[in-house]
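A.B. asks: Would you mind keeping the following structure in view while I ask a few things?
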Amino acid sequence: MAIRSSGRKLSFEILSQNSSFENDDTSIRRSSSDPITGNVASESPRDYGKRKRSKKKKKKVNQVETILENGDSHSTIITGSSGDFGETTTMFENRLNYYGGGGSGSSGGGCVVTLLDGQTVHHNGFNFGELRQRNVNGSVDGSNDERWSDTLSSDKKLYMEETSVELSPSENPPFQEVQHQFPRSEINGNVVRRLDTEASLDWKQLVADDPDFLSAETRSPMKYFMEEIYGGISLRSTTTPGNDIERERIYDTIFRLPWRCEVLIDTGFFVCVNSFLSLLTVMPIRVLLIFMDAFKNRQFRRPSASELSDLACFLVLATGTILLGRTDISLIYHMIRGQSTIKLYVVYNILEIFDRLCQSFCGDVFGALFSSAKGLSISPPEKLRFSTWRFVSDLALTMAASILHSFILLAQAITLSTCIVAHNNALLALLVSNNFAEIKSSVFKRFSKDNIHGLVYADSIERFHISAFLVSVLAQNILESEGAWFGNFIYNATTVFFCEMMIDIIKHSFLAKFNDIKPIAYSEFLQALCEQTLNIRPEDRKTNLTFVPLAPACVVIRVLTPVYAAHLPYSPLPWRMLWMVILFVITYIMLTSLKVLIGMGLRKHATWYINRCRRRNSSHLHND
């Protein structure tokens, strides 16, 4: 028999005395972990001879043992008796629990289960107490009946008082469990009270307000249908009414945020174009001035950090252009177009992934190179050798990373050109797969505000790379196409840019919606970009537009060089050299004019927008 005591199970076995073992005492096994007090009262044993003379009488063994566990007063009475008809084992368990934080003591009554001749009578008294009387292989002695009659009657009275149920003395109901919601006590004696949940309270309130609510299933179909018609909103079971905040979110997603996002991406695109033009126009002049100054002074002078950085960039640009010039573009074109293992849009997506990886890595490498150049310029004489080797190693790593990035961009440009000139809707497949894969990889993820800031800058760089690819496609059409090709090129270029713009708007609109980003955040991103344009860079800024235009410049120079070579006149070498110089000067003037126009426009726009943001912050306005 297993007894539950105060939330902890006491495993012990009660071995009742059988009629064939009359000389043995009833044994009780307990676990060693249960402490037993010495309060054990046992009836005095009779003499062996005296028991032999009274064979017709059965011995009576009364053992009263008290087990104190976990602060509970727990008494157990186990009586083994034998009568004329067999043997009966009775156990009474009485506990005294202190609960409610130990403030007040409360003692419980008992529960009596009596098994008589196959019939079971179950009585409930107080909680915590149990009185069980079971018939084993016989009936009950009369002395034991008298012994427990008082207990049964008292428990029955307590049961009637607790449950207010009247039972006749002759009534012998079948076995049934009557459970009461008593407080459940834990091991430490505290009481775990049953708490009603909010849902149950709402349900009780609903039933109290509408007594006919539970009888809805008995109503007629016509009455149900009329209630559905006049009950309110048709979709009230699956939708909830919104508020002004939800309305603002809708208009932010559709109108306000797309405009601000597009302005930010376009501004970032022109910042990339300005950096690209600075590489092609400003940097050659600076390098030329460095050599002229060295030739004029005719003595060695340690260059400054900016001069070392310009020399390193010029060396990387020249090396990448020379290596790409050795590359056969037509061979790569036919290799990509002729293979049938991988689709063109898959190749483009793979190259785009490597492009982003190389863009991030090249930004870090160039940052390390510029830091080494600064260290070399201010290095003391005793550390000059170490600083020089450090600068050379960073320059070699930068050159390798930039050349690898240049080859990836060239392959990506050739793949896009292959899709455009194909006649099997390869461009449409490329745009659909690439753009919707971008939406899938971005929209349904959790982004922080800084991550979205960096994602906007990545979209600006991507648009610049697409522009460089379209320049490559234009150069290829100039060299190889026949007939009216310009209109078809404009249509394809417009399609590519329009799809890219729409995908960026959709992506950022739902990113802002799912991540609870307000449209004012994109205005803050634009303000940070304008401050970067004006070289106002706070030290604690986490996100800046990092763009290294060396790899795109190598690709553009590589694809435009054959176009210039094809339009040179067939004349002697001096005239050809003269025409080359003229074309170079014209191109440089055009690029310089474009650089001045874009640079001044960016600075003017940045100054205006920063002043506007300051006025907005001072007047607490939130509209662009």
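Cβ from N, Cα, C; glycine included.
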A.B. asks: In Swiss-Prot, which of 305-325, 494-514 is tagged transmembrane segment?
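C.D. replies: The listed stretch tagged transmembrane segment in Swiss-Prot is 305-325.
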A.B. asks: Given the transmembrane segment (391-411), which of the listed stretches 263-283, 545-565, 578-598 has the most Cβ pairs that are under 8 Å apart from it?
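C.D. replies: Answer, by Cβ pair count: 545-565.
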A.B. asks: Near the transmembrane segment (305-325), which residues from the same chain, at least 6 beyond its ends, have a CB less than 8 A from one of its CBs?
C.D. replies: 279, 283-284, 286-287, 290, 369-370, 373-374, 376-378, 391, 395, 398-399, 402-403, 406-407, 410, 550-551, 553-555, 557-558, 561
